[in-house]
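What TrEMBL lists as compositional bias 'Low complexity' is 177-187. Annotated domain 'Response regulatory' per TrEMBL: 25-152, in sequence order. The 4-aspartylphosphate annotation in TrEMBL covers ASP85. Annotation comment: TrEMBL describes 161-201 as region 'Disordered'.
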Amino acid sequence: MAVGEVMRMEVPAGGDLTVTSPELHVLAVDDSIVDRKVIERLLRISSCKVTTVESGTRALQYLGLDGEKGASDLKDLKVNLIVTDYSMPGVTGYDLLKKIKESSVFREIPVVIMSSENILPRIEQCLKEGAEDFLLKPVKLADVKRIKQLIMRNEAEECKTISQSNKRKLEEEDIDTTSPSSSSDAESYVKDISSSKRMKS
């Protein structure tokens, strides 16, 4: 496949999968095909893998959060970000946000809400429920780049935290294996060290 060529795959849940880069995988949700294509294009320009679905219900199915077994054949793919329209029939973007934040598996995934209506109480409500950001349509390339940088920074910090935690665990395990475990062991440990010193001297 040539550089910059887009590989398209069909998503069983009803959306389409566009793979362009191994960096970030974004799930984009919008009932408007025009808006869906716009956000997909902006994400592709920003070198993201994109899965698009046309409703909140389809998004829940893709994530396996609709209560049905085997809802998504692609649920093993890691999703780094979910971008969803607010006003959709059936399951709204706000409903989807709440479902994701209630999930023990997906609640750490950042969710960005999009809307063509600049309604302050709606924005505040979404941010209160855990939305990462609220974008006004039409979404611009600068918005997508800003969100991507934020997510990548968060991912880097998370990896750094995990690395530091693992390092501490290894250090603690190393101390446990080399240090005496009881008072009697401690005495033997000290005697052995003293004997070694006398033999050397």
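Cβ coordinates are placed from backbone N, Cα and C, and glycine is handled just like the others.
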Composition by DSSP (helix, strand, coil) of residues within the domain 'Response regulatory' (25-152): 52 helix, 25 strand, 51 coil
Mean of pLDDT values spanning the domain 'Response regulatory' (25-152): 91
Long-range Cβ environment of the residue listed as '4-aspartylphosphate', under 8 Å and at least 6 residues apart: VAL29, ASP30, ASP31, SER32, ASP35, GLY93, ILE113, MET114, SER115
